[in-house]
């Protein structure tokens, strides 16, 4: 079989596979999330049409800076489907991230979304790490935009002389977040010490010390 015949044979299969890989188009104008429903689906079931209001499509939670008096010196305030039910099936969301002086949004990943940030104020050292273990990093300031590819590990650190804030946009109604350190050292049930000691080439005492720092505060 020649190359032309192979192309004719496999092209429809390739196109079919690509169509399955993409998010499907919406089949209706909207599907406002019923956050109280006990039905479990990939997303949320729709509210009845007569129960929808303008409040399902608005949110004021990212209009002002949030408190950053925590260990990392940063706060992420999401504007996703859990806060804006009208985002259900829309495939977009936002968040506001505020940073104290020296604050850090620690290394983490969003398994379901690419992220784009716009700097409202301040200066940040940002970067992501490719699967080839290459760091792509830059210092960004007010008015600049930076993109973090889907599912890659990245960080944001306030490197300026004052506070900083960004608005982040996502191509998912609920991007999901896995903070690398917290995921490994505060999982429940716990990741076995022998796994962590081997992975990080440290002793059990060091692992237990780190786990202790991530333990819930009473």
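Think of each number as a place in line: the chain as shown, counted from 1.
Any Cβ shown, glycine's included, is placed from N, Cα and C.
Per TrEMBL, the features are as follows:
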{"type": "BINDING", "residues": "105, 110, 115", "note": "oxalate binding site"}
{"type": "BINDING", "residues": "108, 110, 115", "note": "Mn(2+) binding site"}
{"type": "DISULFID", "residues": "31-46", "note": "disulfide bond"}
{"type": "DOMAIN", "residues": "60-208", "note": "domain 'Cupin type-1'"}
{"type": "SIGNAL", "residues": "1-21", "note": "signal peptide"}
The domain 'Cupin type-1' (60-208) - residue tally per DSSP class, helix then strand then coil: 22 helix, 59 strand, 68 coil
Additional residues around Mn(2+), ordered along the sequence, whose Cβ is within 8 Å of the centroid of 108, 110, 115: 109, 113, 148, 154, 170, 175, 177
Top Cα neighbour of residue 108 (Mn(2+) binding site) in the set of recorded positions 31, 46, 115: 115
Listed in sequence order, residues not in 105, 110, 115 with Cβ within 8 Å of the centre of the oxalate site Cβ atoms: 95, 108, 109, 117, 148, 154, 156, 168, 170, 175, 177
Residues that sit under 8 angstroms from residue 110 (oxalate binding site) by C-beta distance, when 6+ apart in the chain: 148, 150, 151, 170, 172, 175, 176, 177, 178
Cβ neighbour count within 10 Å of residue 115 (oxalate binding site): 24
Residue 46 (disulfide bond) CB neighbourhood, other CB atoms within 10 A: 19
Integer Cα-Cα distance in angstrom, residue 31 (disulfide bond) to residue 115 (oxalate binding site): 24
Set of same-chain residues at least 6 away whose C-beta sits under 8 angstroms from residue 105 (oxalate binding site): 72, 74, 76, 97, 99, 155, 156, 157
PLDDT averaged over the residues of the domain 'Cupin type-1' (60-208): 96
